[in-house]
């Protein structure tokens, strides 16, 4: 299933914040996690992640640091801040409201096109 | 990407071998790094990503070639990627606003336009000098920016390569100039009027705002556009100072060379050389800001790093001295003017420093120096205000005192909030871009105060 690109863009920052809340990481590993949690259904051009991370950094929601763990290559590691956690809580609240509104508008029986778990069971 | 993925390229080593991969990565790196929006650190970050990807794909059984192709493909088309970086890092791109595309023909066209406009400014100031004899010195001084700055506005407004044409917005740019000329010429000024001097002093601020509007056009509401204006202004000041230094040497040499011909000749030559040179340099400095962008761009952080601590020391010393000795005793108007200038310089330094800093930086020693400078300036400003209010109480309001009082009040609010924000930033409670945002949103207040002095003060004091 291809997800509309506006929807991908809108969900990108809560998704990244949510994954960073699990612990600090670098871009490549973060994208692996995005593929895992979306079961490969969210398709990004990998490079687009970095301008997004830089925006979150400017907003003070994440902090970044260059580091070279022993035996690995030099990478820029990103970690969520307290402001970022607060923003994540707020975004979760908003997405929750959107999901509830959609559930109210779409009767559960009329969602045959959705393969796998339906919106309501998530 | 065609050149980076051409399978025929094997600069060294066997095709598809490690050396080949390195060459391809280097090619790709150069290609990505070409966009000004993508900094070297960004390229390094993307390269680490690409190499992680290639390693994983090779571990899954792909050849170097295949792994590289898939990895590059997944990162996304370089154009789209650069555009995405540009959206986030507009500050790296601001030069694209005004800078000609790298084509030599376009560069020559812009140079030709700049030279024509500089000559125009030089001639306009001479016309003003020759025709303005009956107007009086103050009126001529007031009109000088009105006749020179339109050439600057024309350069920055017409030369933009970002695709936006000002169109009807030229009327917005032109209006302050027309109004300024009318406000200098038409009122029935009293003999030795001090409000006329105030108009001549404050009008350039309003005209500067008009030139800034010509530079950013419809984006003028956005903080980043205003920061573009601040950056351009700061660099213009640096270039103008450099040109003025060279011009001083030229004038000195001219005087030496022509001295045998007698004072009258020297005076005539200087009457043509100095005003025209000063007016033409206004345009030439702006052209240099656009064309030689990267030179001063690298100088701004250095200049701020040198002068911020020095100003912090000077300001702290004078604030301490005046706080101990008091300044009410022999506090005359020249000293007051000096203080106003000093505060303006501090504000300029803060703005210049902000314009050169990355919005996501962390606090450092420079921020401490800046906070010290701002707090010392605040102490001085408070002392000046107290002294001024004392004079107003003793001697009543005059136009000069109202103007000085207002300017001090406006600067006091600005620096007070700047100090609170800077302290918060040092304590880690305030993000860096709040400081810049405060200053850019306060700029219209400074312009509005200048406009108020130009428009309202003269009639209120019946043009005395």
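Cβ atoms here come from the backbone N, Cα and C positions, even for glycine.
Listed features, source TrEMBL:
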{"type": "REGION", "residues": "B:1-20", "note": "region 'Disordered'"}
{"type": "TRANSMEM", "residues": "B:114-132", "note": "transmembrane segment"}
{"type": "TRANSMEM", "residues": "B:138-158", "note": "transmembrane segment"}
{"type": "TRANSMEM", "residues": "B:170-190", "note": "transmembrane segment"}
{"type": "TRANSMEM", "residues": "B:196-216", "note": "transmembrane segment"}
{"type": "TRANSMEM", "residues": "B:237-258", "note": "transmembrane segment"}
{"type": "TRANSMEM", "residues": "B:270-289", "note": "transmembrane segment"}
{"type": "TRANSMEM", "residues": "B:301-324", "note": "transmembrane segment"}
{"type": "TRANSMEM", "residues": "B:336-356", "note": "transmembrane segment"}
{"type": "TRANSMEM", "residues": "B:368-390", "note": "transmembrane segment"}
{"type": "TRANSMEM", "residues": "B:402-428", "note": "transmembrane segment"}
{"type": "TRANSMEM", "residues": "B:440-461", "note": "transmembrane segment"}
Original post:
For the transmembrane segment (B:440-461), which partner among B:196-216, B:270-289, B:301-324, B:336-356, B:402-428 gives the most CB pairs under 8 Å?
Top reply: B:196-216
Original post:
Honestly, do the transmembrane segment (B:368-390) and the transmembrane segment (B:301-324) touch, with at least three Cβ pairs under 8 Å and pairs 6 or more apart in sequence?
Top reply: yes
**OP:** Look over the recorded stretches B:170-190, B:270-289, B:301-324, B:336-356 and say which has the most C-beta pairs under 8 A to the transmembrane segment (B:138-158).
**Re:** B:170-190
**OP:** Counting only CB pairs under 8 A, let me know which of B:170-190, B:196-216, B:237-258, B:270-289, B:336-356 has the most with the transmembrane segment (B:301-324).
**Re:** B:336-356
Original post:
Between the stretches B:196-216, B:237-258, B:270-289, B:336-356, which one has more Cβ pairs under 8 Å with the transmembrane segment (B:170-190) than any other?
Top reply: B:196-216
Original post:
Who are the long-range neighbours of the transmembrane segment (B:270-289) in its own chain, taking Cβ under 8 Å and residues 6 or more past its ends?
Top reply: 98, 110-111, 114, 117-119, 121-126, 129, 144, 148-149, 151-152, 155-156, 232, 235-236, 239-240, 243-244, 247, 250-251, 254-255, 296
